[in-house]
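S.K.: I have a structure here, written as structure tokens, and I will follow up with some questions on it.
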Amino acid sequence: MKRLWQHCHAATLKGGKYSIVEDAALVTDGPLIHWIGPRAELPPGDYAERIDLGGAWLTPGLIDCHTHAVFGGNRSGEFEQRLEGVSYAEIAAAGGGIASTVRATREASEEELLASARKRLEPLLRDGVTALEIKSGYGLDLASERKMLRVIRRLGERLPATVRSTCLAAHALPPEYAGRADDYIEHICSTMLPALAGEGLVDAVDAFCEHLAFSPAQVERVFIAARELGLPVKLHAEQLSSLHGSSLAARYRALSADHLEYMTEDDARAMGEAGTVAVLLPGAFYLLRETQLPPIDALRRHGVAMAIASDLNPGTSPALSLRLMLNMACTLFRLTPEETLAGVTLHAARALGLEASHGSLEVGKLADFVAWDIERPAELAYWLGGDLPKRVIRHAEEVYRG
């Protein structure tokens, strides 16, 4: 069934630029974009429905390409402790930090995790997110990682959004493997990944390469295991120190390397040559009061596509707004509004391996788009909050109206 969407303007994001079409029209056929361009050039057609968008601006549906949205409990108490001067190390030594989230996640039922994640994700979806990634990594044993990944798959079946599932078993060392990191990595590679991938629960594999997590050599073992299973890889890298994890990610043609505050010029060059996307996470940078900025100019010099994500998680980025991350990326990292919009559309799609079907308004791609109550695209990075979407459309069907 063909529908005509008209009386609008469009920022198509073709090629990662605004690529603006004034006085635009868009034709959908089933779930796909059939035609888009200036309304004056609209070819004759027989449309089952004509939708007047009232002068709204259209963009591709937003994509949140890095979240940890499934977890048990929350850590608002630790937030208060940090503000009172208690260090993260002291909190962790008392059983807090990621260990507390692991305990709460292991104890929670699948239904409890599903309900809490849906509640967290609702604000993102209402604000224009039509695709997202969710990572495991708070289970850290086979049964609990399976539980998390099952919840992620169920969210994909129930939410009006495309949901990609990433196995992050190599997120932290579980307590039962204290002092035995190599043994845990072996368990991930020989037991967890084959089992979880065999059950169809995994779209990609991630790891955390950092002094407080896993070494580049240990991460490489995970990458090799993922490659043997035919799974793409991603990496948390260079958030707190420089271990050149982003270069390792590039060597394995990773979909993305994320955080990147401490990456070097050589790391950026390697990522550019490999086509690995840099996923910037300003929410975590802000909440941790970091001062080391990711090297944006180096990423630009080497042609590295920059995506932006919420990093929604209970410890370092309890962010329920992807649009707020656009403002933070402009204000804290000095990206342009155009770069940030590309970062939550086309480049975010690339970071999930979805660029053939998502991320820009082009013929043949899925008709996932948002009609915004704005006067120019830069407003999406300008306004802090507010109910800006007039309509959120997924697969040519309205899923939210403002």
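Cβ from N, Cα, C; glycine included.
Annotated Fe(3+) binding site per Swiss-Prot: HIS66, HIS68, HIS236, ASP311, in sequence order, evidence recorded as sequence analysis. For HIS66, HIS68, HIS236, ASP311, the entry in Swiss-Prot reads Zn(2+) binding site, with the evidence type sequence analysis. Feature annotation from Swiss-Prot assigns 4-imidazolone-5-propanoate binding site to ARG75, TYR138, HIS171, GLN239, THR316; the stated evidence is sequence analysis. Per Swiss-Prot, N-formimidoyl-L-glutamate binding site is recorded for TYR138, ASN313, GLY315, and the stated evidence type is sequence analysis.
Mind mapping these onto the model and telling me what they sit next to?
M.R.: HIS68 (Fe(3+) binding site) is surrounded by 24 other CB atoms, counting those within 10 A of its CB over all protein chains shown.
DSSP gives HIS171 (4-imidazolone-5-propanoate binding site) a coil state; it is part of no helix or strand.
Within its own chain, GLY315 (N-formimidoyl-L-glutamate binding site) has ARG75, GLU78, GLY97, ILE98, THR101 as residues 6 or more apart in sequence whose C-beta sits under 8 angstroms from its own.
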S.K.: Do you see any of the binding-site residues HIS66, HIS68, HIS236, ASP311 whose C-alpha is within 10 Å of TYR138 (4-imidazolone-5-propanoate binding site), and which ones?
M.R.: HIS68
S.K.: When the Cα-Cα distance from HIS68 (Fe(3+) binding site) is computed for each of the binding-site residues HIS171, GLN239, ASN313, which gives the smallest value?
M.R.: ASN313
S.K.: Which number gives the other C-beta atoms within 10 angstroms of the C-beta of TYR138 (4-imidazolone-5-propanoate binding site), all protein chains shown included?
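M.R.: The answer is 29.
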S.K.: If you measure from the CA of HIS171 (4-imidazolone-5-propanoate binding site) out to 10 Å, which binding-site residues from the list HIS66, HIS236, ASP311, ASN313 are inside that radius?
M.R.: HIS236
S.K.: Cα-Cα, whole number of Å: ASP311 (Fe(3+) binding site) versus GLN239 (4-imidazolone-5-propanoate binding site)?
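M.R.: If we compare the Cα positions of ASP311 (Fe(3+) binding site) and GLN239 (4-imidazolone-5-propanoate binding site), the gap is 13 Å.
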